[in-house]
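Asker: The feature region 'Disordered' is assigned by TrEMBL to 1-39, 153-177. Residues or ranges marked as compositional bias 'Gly residues' in TrEMBL: 15-34. TrEMBL lists 56-82, 339-361 with the feature transmembrane segment. Marked as compositional bias 'Polar residues' by TrEMBL: 157-167. The compositional bias 'Basic and acidic residues' annotation in TrEMBL covers 168-177.
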Amino acid sequence: MAVNYSAKEEADGHPSGGVGVPGGGAVGGGGGGAVKTRKPDNTAFKQQRLPAWQPILTAGTVLPAFFIIGLIFIPIGIGIFVTSNNIREYEIDYTGTEPSSPCNKCLNVSWDSTPPCTCTINFTLEHSFESNVFMYYGLSNFYQNHRRYVKSRDDSQLNGDNSSLHNPSKECEPYRTNEDKPIAPCGAIANSMFNDTLELYRIDNDTRTPIPLIKKGIAWWTDKNVKFRNPTGDGNNLTALFQGTTKPVNWPKPVYMLDTEPDNNGFINEDFIVWMRTAALPTFRKLYRLIERKNNFQPTLQAGKYSLDIAYNYPVHSFDGRKRMILSTISWMGGKNPFLGIAYITVGSICFFLGVVLLFIHHKYGNRNTSADIPN
């Protein structure tokens, strides 16, 4: 049987007469109750009558935009690039793969080499380092961004939770336990902690003067005071706090012997904290020490001869890695990185060049009559 709806009823979303259903009356008929409809409300938003705006790209709006972007970006890029180039930086690769390198004898060192292999590299600074100097160690071909490596840690244990200290997370496997004792700190990140020792000396008339290296203040404040904490208890007796645990497999000594100062020992050791903040790229650097400027009338590191003494403990030759020591100053924009300045200069130059090209095209062809002549 055919059912006919009127146009008005169809627009309202229901027939006025109703539709019969088995075992009941008519739906939508003259019975009581509000009539349901799916018709949107008659509002500007639901009926899509809101006012709209879209830009009309003309020569008068596009050309000034290109020139303004170019004139703003190019000076900013030049300023950033010059600032980056004014940063002093000196880098030494001490991996020892070259036969002539003083550290070549330490190339195949293992984690548990006793005594540690030592080597000394002499170098010359051509320019003085005026402000505070930051000493970094750098690693190459080391993938701290590997998924399983990044997950291999127990943040509850590192935050001082006593239960996690003796029952580490399963994410730490296979560095969760050793000889039936829980490892503290557990996981692959902690197990592979960088442990070379670097010492810097100034050579003056064949006399070596040690450069004071500050080991505190190298970690993020939030890491030092929030994310990393020693287990609760007697903070002056870390040996008792870590009783019942064992050191990571590759570590020469337990975590409570990383330093002699209580506020830089255990899980709150800043070298350890810096290492646990994993890098995003396989070539990276991490802050190792600070060299503070003592006198405003003298540079922090004067130009001249220096020597770097290295306790070579960290093996990288097995995975074709490389190790570096970097001395660097900083500016208001951080360390040396010319990429941002080059990017600003490139974008500004492209915009300015496009503005000139489009201005020429508009001047030559913009006023041409585009109407076609219609023959009689």
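Placement of Cβ uses the backbone N, Cα and C atoms for every residue, glycine included.
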Asker: Checking distant contacts: for the region 'Disordered' (153-177), what same-chain residues at least six beyond its ends satisfy Cβ-Cβ under 8 A?
Answerer: 183-191, 227-233, 242, 244-245, 248-249, 267, 276
Asker: What is the number of residues in the compositional bias 'Basic and acidic residues' (168-177) that are helix, strand and coil, as DSSP sees it?
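Answerer: When I sort the residues of the compositional bias 'Basic and acidic residues' (168-177) into the three classes, I find 3 helix, 1 strand, 6 coil.
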Asker: Which numbers of helix, strand and coil residues does DSSP report for the compositional bias 'Polar residues' (157-167)?
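Answerer: Summed over the compositional bias 'Polar residues' (157-167), the classes give 7 helix, 0 strand, 4 coil.
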